[in-house]
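Peer 1: What TrEMBL shows for this protein is this:
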{"type": "ACT_SITE", "residues": "168", "note": "active site, nucleophile"}
{"type": "BINDING", "residues": "17, 18, 38, 96, 97, 98, 104, 136, 137, 138, 139", "note": "CoA binding site"}
{"type": "BINDING", "residues": "247, 248, 249", "note": "substrate binding site"}
Ligand code: COA
């Protein structure tokens, strides 16, 4: 079966997490992703957070499936020539080096255009143009600078970063969309273009609702769905809202049976307005369905704390899965707090390919997250990440280099 991006060649100059997330997705959609790495070392994540000595880390293997690896010293003059040949052969160059690194290597946008005017050059940077554009950036810096940390956590505590890698993987996703969009435009214009996804911008895009709230706060001085209402105080900026839902339907995380010993015995419970009467029935507070203090969403807002405390008295008598089963019967929106262990063992995620077991020649079998985006005409088959330089010879041959030339380049340290 064909793949959506069959025939698209990606020169993957990415490392760590943000860029590799992007190129892995493109590989899953069928692009030929050629990862260029530094000889001897490669992507730094190959050796970071290792769980097995001298074996590519899970950090690396889980972000670099379905790719080929070539090692080129792009600061060596002959290595530069090999990179030029690759630029001429590929459709997209993806990179997430520190600002200016590609230029310092001699591969400015102008030079790349000279070599291949159809080339799309896609970059992740920490910041867009502005006061911080020269800064190196990692995940949590982006979460802080993009508005996620200041709006995450509890009112009486410090800002908190999320376990979801919205700065790195989130920006990689944004970049992937930019790339396929540029590829589409190229079919009309014949020209490449630059694609930039700044991590601050990507995080802010995911925090869009918080900028919405900033403006609501400035206009009205309050936000009734926030836990600060009605007794707390609002300052000038959007406060941290704990586990409040952030939407029009109030929600909170509630303890379930076993919470004393199991850190994940909790459920997210949403008091959705249309099922309010059913919620009252389930928790044994039938009178709340008609009591004017509780019957409407507006009347409930000042009592949300008490309401959730009452619902929690009920959820604490059930495991999170029992509560799910009962609540789902009544269409009451809720979700169990699943641990990574529970997710890893969930059979339905294995069935859909969202969690996949992969075999690796030096590591053996390991679990990874497969392609979360399912295309009916372009199924994803997850294959292992490449060993460092595993495909150097193969790719060089495809570029037209003879065995003698390849061995001379090896001797020169260019590849
Ligand atoms: N051959 C020769 N040199 C190579 C090479 C190769 N194949 N591949 C990379 N290099 C060089 C680069 O040219 C650069 O050299 P320079 O500093 O002389 O210009 C050098 O390796 C290091 O690149 P750099 O990107 O600065 O790595 P770093 O480890 O110092 O910084 C980051 C890492 C992530 C902080 C930085 O790359 C960054 O800010 N990237 C953009 C934002 C981003 O993606 N952050 C999230 C990462 S998950």
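The backbone N, Cα and C atoms fix where each Cβ goes, and this holds for glycine too.
Each of the listed features needs to be described in terms of its position in the shown structure.
Peer 2: A C-beta separation below 8 Å, combined with a sequence spacing of at least six in one chain, links residue 168 (active site, nucleophile) to 16, 17, 18, 21, 138, 139, 142, 199. When secondary structure is read from DSSP and collapsed to three states, residue 168 (active site, nucleophile) falls in the helix class.
Classification of residue 38 (CoA binding site) by DSSP places it in coil, neither helical nor stranded. Within 10 Å of the Cβ of residue 38 (CoA binding site) there are 17 other Cβ atoms, across all protein chains.
Its Cβ placed at the centre, residue 249 (substrate binding site) has 15 other Cβ atoms within 10 Å.
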Peer 1: Out of 17, 97, 104, 247, 248, which binding-site residues have CB atoms lying under 6 Å from ligand 1?
Peer 2: 17, 97, 104
Peer 1: Rounded to a whole number, what is the top Cα to Cα distance in Å among the residues the record ties to CoA, namely 17, 18, 38, 96, 97, 98, 104, 136, 137, 138, 139?
Peer 2: 24
Peer 1: Write out the long-range same-chain contacts of residue 247 (substrate binding site), meaning residues 6 or more apart in sequence whose Cβ is under 8 Å from its Cβ.
Peer 2: 209, 225
